[in-house]
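Asks: Not my notes, these are from TrEMBL:
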type: DOMAIN; residues: 29-83; note: domain 'Acetyl-coenzyme A synthetase N-terminal'
type: DOMAIN; residues: 90-485; note: domain 'AMP-dependent synthetase/ligase'
type: BINDING; residues: ARG193, LYS194, GLY195, LYS196, THR318, SER533; note: CoA binding site
type: BINDING; residues: GLY394, GLU395, PRO396, ASP418, THR419, TRP420, TRP421, GLN422, THR423, ASP510, ARG525, ARG536; note: ATP binding site
type: DOMAIN; residues: 541-622; note: domain 'AMP-binding enzyme C-terminal'
type: BINDING; residues: VAL547, HIS549; note: Mg(2+) binding site
type: MOD_RES; residues: LYS622; note: N6-acetyllysine
Amino acid sequence: MSSQIDHLLDESRRFAPSAEFAAEAIATKELYHRAQADRVGFWADEARELLTWSKPFTEALDWSNPPFATWFADGELNVAYNCLDRHVEAGNGDRVALLWEGEPGDSRRITYAELTEEVKRVANVLTDLGVGAGDRVAIYLPMIPEAVTAMLAVVRVGAIHSVVFGGFSADSLRARIDDAGAKLVITADGGYRKGKVSALKPAVDMALGDRNGSGVQETVEHVLVVKRGGNDVEWTEGRDLWWHDVVPQASAEHEASGFPAENPLFILYTSGTTGKPKGILHTSGGYLTQTAFTHKNVFDLHPETDVYWCTADIGWITGHSYVVYGPLANGATQVLYEGTPDTPHPGRWWEVVEKYGVTILYTAPTAIRSFMKIGRSVPKKFDLSSLRLLGSVGEPINPEAWIWYRKVIGDDRTPVVDTWWQTETGAIMISALPGITETKPGSAQVALPGIAVDVVDDAGVHVGNGNGGLLVITEPWPSMLRGIWGDPDRYVETYWEKFADKGGYYFAGDGARLDDDGDVWLMGRVDDVMNVSGHRLSTAEIESALVAHEATAEAAVVGASDETTGQAVVAFVIIKESYLSQHTPEGLATHLRVWVGEQIGPIARPRDVYIVGELPKTRSGKIMRRLLRDVAEGREVGDTTTLADTMVMSVISAQVK
Ligand code: WTA
């Protein structure tokens, strides 16, 4: 592969852990040594140390029938007990579990004792409604404490939750309810978003409404509704129940029974290459072990003193693993925030950091880049000195955003950990360990202790340092998905068939490169890799070059088919306000084409650079390059229903013309 496209790997800035941080760090090098010596034994030790088992397991991993793994299968535990009761029993009932901040500024502070009691009441309500082990419950809630309570109550009785992001439409909700055959839906009248109440209950009513001719038998028996928005809602007598009518009346006594470690814990739908979302299935013991382990070591959690804040919505895997299960299993105190980052003002997040003295912040590159776009003057108005560790997740973080995060938000003092993982992996797989790893802006770096990854070519052969290829996970891991709900064949095909002859390589769908130190650089989904005149180019790499230009606020790159070169690079760029007023779009576009050519090499120079006002993003903040490719290839724009703002594509199409 040509050296011209090694731009990203030329990044030479390095940040060694400070002596102070290293002295107090939770993670130790010894973790790597132990895992190296006995990987499965390492996870068994962590499972025993981090969790409380009602029946100890005797076997850690069973991989006799790949790709179907079981971990700790003859052990039993109750996941909710591990997240709640045991902290109270250990004398930490008064510790705050949730520091909840509503978007309008109302707040609640909930201790472990209080959260445990509430979960017990809801568990009793669920039992009264006939929800028990193995039943599915759909949860469609805003970011309110009841969302956490509902999830934990469901798993406490051995049932399986399927959380559906509150921004999804009635149709998406219906598809998910039907696929899982949910017996109960837990929702709210509405929640606050961008300064207004955004209704939720009507979508549930629609999803459960007229099914004539759909051929689907209704599985939902009840809808449990939390009052949050205060908006008017329709009511179906006999089916709908107000949370505030039934929960306070329920008994606060509830004994948590142990369930087998492989008891399904939740289903979470994620989009794949086909139209139908995949219901990713996770189970209990292995998932909780790895989420607790990673939350403790990657975020250097000191539960007595830290105030942790993960900004993800519970509707995504990050919200499951790093708002609910990891932090609560570890007895952390955390902020839960209901609203959007810029309501009622652009400094809202930083105000929350200051108000609660947040010490650990975990967020996504897209958020960081939006803040970069507004400029440092906004965060600088707030006291962010409590922060001591910053995390990133969800997409490759370009070095400039990484540096900005560290310098502007972290005062050039805090370690930044870039964490690679997926809905399917359940927990973090590749990340620096703070206090140990010398960090490199833009690289997720190294597999965590007990995790085995590689970068291989199409034949599954290790590419060697300095080369690019496909990211694979070469050994089973505790929090791995156990399947796709109702579709075992799709599970095998999607993740394991590509390297079937390797006897169990998990194909992640991400491109990656190894630098000269053997550190991993994620290059974006392989479906985002372009082939221009026989050269492989990563969208992430060119985007990084574009964003490295001082005029650029944000950029997305796609490969559009081209008669001569196979594919051509097409860039969509948002320019900073101050530059827009001083330059013409044509001038900027030409300048950026040349710039990318200079940064990476002529091969990477975009055929077209379109200056646009916005980029199409999903509600979780991922850029939908598929739609931009449609525009770049002059096609009619495809399905836009999963966009946060479905109008954005018509605006972009107009700007491109
Ligand atoms: C991407 C989110 C680069 C990757 C936890 C993966 C990343 C997909 C990173 C999974 C990262 C996630 N660097 N890319 N640190 N983290 N990704 O299922 O392409 O929403 O395959 O899980 O996000 O997205 P998902």
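Glycine is no exception: its Cβ is also placed from the backbone N, Cα and C atoms.
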Asks: With the Cβ atom as the reference point and anything under 6 Å counting, tell me which of the recorded positions (THR318, GLY394, ARG525, HIS549, LYS622) are near ligand 1.
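Replies: Only THR318, GLY394, ARG525 qualify.
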Asks: Over the span of the domain 'AMP-binding enzyme C-terminal' (541-622), count residues by DSSP class, listing helix, strand and coil in order.
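Replies: Taking each residue of the domain 'AMP-binding enzyme C-terminal' (541-622) in turn, the totals are 29 helix, 27 strand, 26 coil.
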Asks: If you draw a 10 Å sphere around the Cβ of LYS196 (CoA binding site), how many other Cβ atoms fall inside it, taking every protein chain shown into account?
Replies: 13
Asks: Would you list the DSSP helix, strand and coil counts for the residues of the domain 'Acetyl-coenzyme A synthetase N-terminal' (29-83)?
Replies: 26 helix, 12 strand, 17 coil
Asks: Give the distance between the Cα atoms of VAL547 (Mg(2+) binding site) and LYS622 (N6-acetyllysine), rounded to the nearest whole Å.
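Replies: Distance between the two Cα atoms comes out at 16 Å.
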Asks: How many Å lie between the Cα of GLY195 (CoA binding site) and the Cα of GLY394 (ATP binding site)?
Replies: 26
Asks: Would you report the average pLDDT that the model assigns to the domain 'Acetyl-coenzyme A synthetase N-terminal' (29-83)?
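Replies: Overall, the domain 'Acetyl-coenzyme A synthetase N-terminal' (29-83) comes to a mean pLDDT of 98.
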Asks: Among the binding-site residues ARG193, LYS194, LYS196, HIS549, report those whose Cα falls within 10 Å of that of GLY394 (ATP binding site); none is a fine answer.
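Replies: Passing the 10 Å Cα cut: none.
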Asks: Looking at the recorded positions listed here (ARG193, LYS194, HIS549, LYS622), whose Cα lies nearest to that of ARG525 (ATP binding site)?
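Replies: Closest by Cα: LYS622.
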Asks: With H, G and I counted as helix, E and B as strand and the rest as coil, say where DSSP puts ARG525 (ATP binding site).
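Replies: Once the DSSP labels are grouped into three classes, ARG525 (ATP binding site) ends up as strand.
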Asks: Can you tell me how far the Cα of TRP421 (ATP binding site) sits from the Cα of THR318 (CoA binding site), in Å?
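Replies: About 9 Å separates the two Cα atoms.
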Asks: Closest of the recorded positions to PRO396 (ATP binding site), Cα to Cα, picking from LYS196, HIS549, LYS622?
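Replies: Looking at Cα distances from PRO396 (ATP binding site), the smallest one goes to LYS622.
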Asks: Please identify, among the recorded positions THR419, THR423, HIS549, LYS622, the one with the smallest Cα-Cα distance to LYS196 (CoA binding site).
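Replies: Nearest in space to LYS196 (CoA binding site), counting only the recorded positions, is LYS622.
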Asks: Could you check which of the recorded positions (THR419, THR423, HIS549, LYS622) sits closest to ARG193 (CoA binding site), going Cα to Cα?
Replies: LYS622
Asks: Inside 10 Å of the Cβ of TRP421 (ATP binding site), count up the other Cβ atoms and send me the figure.
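Replies: Here the count is 25.
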Asks: Work through the recorded positions one by one (THR419, THR423, HIS549, LYS622) and name whichever has its CA nearest to the CA of LYS194 (CoA binding site).
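Replies: Looking at Cα distances from LYS194 (CoA binding site), the smallest one goes to LYS622.
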